[in-house]
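Student: Sharing the features that Swiss-Prot gives for it:
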type	residues	note
DOMAIN	54-405	domain 'Protein kinase'
BINDING	I60, S61, T62, G63, G64, Y65, G66, I67, V68, K84	ATP binding site
ACT_SITE	D274	active site, proton acceptor
Amino acid sequence: MGVANDSSPEYQWMSPHLNYFKNFNKETLLKIEENDYINSSFFQQKDKRFYPINDDFYHISTGGYGIVFKIDNYVVKFVLEAIKLYSPMEIMAELTVPKFLYNNLKGDEKKLIVCVWAMGLNYKLTFLHTLYKRVLHMLLLLIQTMDGQELSLRYSSKVFLKAFNERKDSIKFVKLLSHFYPAVINSNINVINYFNRMFHFFEHEKGTNYEYERGNIIIFPLTLYSADKVDTELAIKLGFKSLVQYIKFIFLQMALLYIKIYELPCCDNFLHADLKPDNILLFDSNEPIIIHLDKKFVFNERIKSALNDFDFSQVAGIINKKIKNNFKVEHNWYYDFHFFVHTLLKTYPEIEKDIEFSTALEEFIMCTKTDCDKYRLKVSILHPISFLEKFIMRDIFSDWINGGN
């Protein structure tokens, strides 16, 4: 079950949070709950009651190497790096690869890439872990006070997450956060949203022995959604006839992007290495996107999809040390699309309703347990890019071939 380490008698005694919460009990919390004041930015962002009332950094995601916030029209990603393994210049793929592709692609396909606006290298990022611990302790002590329990910084991961998830959508709990977050945390970085993801990152994914010392800061444009967030209702709202048509749309745009990249000189080694729906972002599209192969593909939709998160990517002479040693065999575009199709089928079981499309995707990956582990190819299957080009010429994608004519 796992119990935290912040439980030594010395730490418990000196904790300012512990001493602060000794001034409160269930009755005083009830009085706070009865007040009218509520800061709507402490609702979860998926909650319709959420509203960013301050110019704060709002936590929107944590996973892998990145802790992501949004502020105004920007997305700011803090990437904790193993600086001892790589020099700062060896961990710039997220900047250099998309910029290289954008500068070399000549047609509308370049609109399907997310380029970093700015990147700062080798910053001290210890404040993120410190902030996380402060917020965790505040939540622990607040929940204990609500339940009339003895105050302690010892906790079980399972018990804490259950208690937090049960309360996070409650208006009474949000009223308490509206009072205690400014008083105890006093920061313009709001990590209450998706706090369970940050908890998993620091407590499990990176482990207690991980060094949270240094890393990079990356600034992106703010997106409408990541592709995995679109459900049937939103797909219709975005102008698609169905969720499956939307899935075909993002698959086709990514396929066209890859085909055009592989047409570039010396770029037939391009790998993204993490092609999946949550690494595809959706932006407004104010004009048609037209991409020419043997046939013309025309997209008149009011959104476009764009590939993001090139942290593990490589292309041409830009070799990524993060993935170089992980691949035991040679791979090309098919490695990415094999993983992509698996994740599409997992994310969207609705694909099964379209027999022609689902059958085509199943035939596309055609793998066994000896070939594939957790959707990742273990063997070298180097289909030429013409394999992908033939696939997208099928009637499945007739809505966009020659403008749907």
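Yeah, the Cβs are placed from backbone N, Cα and C, and that goes for glycine too.
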Student: How big is the Cα-to-Cα gap, in Å, between G64 (ATP binding site) and D274 (active site, proton acceptor)?
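Tutor: Answer for this pair: 11 Å between alpha carbons.
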Student: To the nearest Å, how far is the Cα of D274 (active site, proton acceptor) from the Cα of G66 (ATP binding site)?
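Tutor: With distance taken Cα to Cα, G66 (ATP binding site) is 14 Å from D274 (active site, proton acceptor).
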Student: Give me the count of other Cβ atoms within 10 A of the Cβ belonging to G64 (ATP binding site).
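Tutor: Step by step: centre on the Cβ of G64 (ATP binding site), count other Cβ atoms within 10 Å, giving 15.
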Student: Per DSSP, to which secondary structure element type does I60 (ATP binding site) belong, with helix, strand and coil as the options?
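Tutor: Note: I60 (ATP binding site) is in a strand by DSSP.
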Student: When DSSP states are folded down to helix, strand and coil, where does the residue listed as 'active site, proton acceptor' land?
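Tutor: SS state of the residue listed as 'active site, proton acceptor' = coil.
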